Amino acid sequence: MKFQALAAFSLITGSLADLPSCQIYQQNQCAGDTVTTDEKFDANRWFTPVRGSDDWQESFQDYSHLTGYAKITYDKGMQSATVTVNAMHKANTTLSYSFDGVSQTEATATFTPSNAKGPVSLTITGSDKTTIDLEPLDFVWNAADIELTYPKGDYRSGQKGAIVELFGWPHKDVEKECKFLANAGYMGVKVFPPQEQIMSTEPFQNVMNPWYFMYQPVSYKLEGRMGTRDELRSMINTCRSLGVRVYADAVVNHMTGGGNDANPYHRNPDANCQTFGAKQSTAGSPMYTQDYTYTEGEETGLPPLQEFPAAGYGPLDFHCERALNSWTDPLDLNAGWLTGLTDLNTERDNVQERIAAYMTDLISLGFSGFRMDAAKHIQPDDLVQIFSKLKANLGGEMPEDWITWLEILLGGEKDLLMCDPDSGYNYGSYLEDGLVAAGFSAADVEKIKIWNSGYPKEPDAGACTISKSRNAIQNDDADQQNPGSTSRDMGDQGCVLIKDCQSADDHREFEKKLFESPNGIEDEDADYPIRLILSSFYFVDGVQGIPDGKSDCSLCETECDTCTGVSLAPAWVDESVGYDETDYTRAHRDPEVIAAMQTWMGI
């Protein structure tokens, strides 16, 4: 999970100041144990400016009137797919759907390898001439086959292996790196959130586009900070053709919040009524939240609530606003807004369907699985429904090499989250039993791992009611890079390379131990089949920007005097042998770490 969503402030003023003095709207606040947004707030939908109005942008298309997404459902064997367009028009006008330029009135279409040999374009048009272009449709049969180019090892069809997390690496650099990963024997690479996310031309807490903006989604378009959908597709196909599987960081618990949205008019009564404007996004889609607002929409006559039209979400698809104040209260964990991030109501069937459709899109593009960010803020019963809908989308069977690992930060809540099977909020045996009851085979349940945050100090914490064969383990991880992070306590059993390791040698030894003799292992053949290694980047003078060029202050347009940034540096350096001391760390390239991994994998 990623923190720090509260918006930064600059001195601009809006022209639609409907509330007097420095008042802001305080609607949709939870009362008592209420978690749902009142249906009356559906009237606040359609806040996006109308085409041609002052605040409209070309990338907003006609989201002021139209919203929708495509759901792909495969038959058994995944050699045929039915595409269903779920669309809504503000005025309920007649809609038509254009697949690769061919218009039809039906909201469904069927595709096979013979009539979909590449991406298929999709446009929705209303009888009032409003229109939106959706993401291109990709299908699994167009993804490159996984061709092992490295020496044979004990990969178990993608169920055992080492996965490198290339933190802050653009897709183009990952594509270049896959040849090295293949030759080294790594099973896969995990890329950071590929979906559309917040970006800004104004520093946030004096930092230009900090890394955690990647965890503040705007839509499920695969147009993120690290590159475009086309670049992502190219990278996946290159990596797969070399035998390297690719995994996505899926952020599906929440969307952006805290006023980090496209509304130009915000102010903060607790900061001398400072005002701040709109954020941008990596694909330019509109997005609105309810915090720090004081104006009304020109079309609705009402203040904004949660609205993400490029994802198909409206106000009712989110929990009412509730601060996450307790880590031991299941209601707070499931429905609380973590530092202002708008919390999706994953109890709703349509929200579960939308998340499953996004995951289906990832697999269709060629991903072999995903990490589920902030999974402990999605209650286990909802996860069962989401995975069940994903399974149905994939023809009733999970792919042979598919895996996912759930981010379940344990801390002092390990009894509630893992060890007490009767808690009802248990991601161990309770979730396992729910998956079995929903028709998942024992083999498919094994594919759903728990990322064991107790490792390496308390390795048994993540396995007290399940087998360690359902654990994924890791030393250094992305959340720990932040100064002052308390997400995990590794004690003297691990260290964060860029922050508290005494030397690269110390970090190297912990990474070697991950493969040679990880703490808590009991069955060498079965325990911890998924092991992850983070390749990170250095925070220059404490600045939490990425050296991908998008944290460079040359991009600043507003409040630039205090901007701190990071200059562009290449992530891919072919001659690196690991543990580089500037820019990117490339720890995964270290020969000793690779040798330990190869021994574990029987290479």
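Cβ coordinates come from backbone N, Cα and C, glycine included.
Unlike curated entries, TrEMBL annotations are predicted automatically.
It is 472-491, from the ranges 252-271, 472-491, that TrEMBL records as region 'Disordered'.
The average pLDDT computed over the domain 'Glycosyl hydrolase family 13 catalytic' (161-522) stands at 96.
Remark: secondary structure over the compositional bias 'Polar residues' (472-488) totals 4 helix, 3 strand, 10 coil, with classes taken from DSSP.
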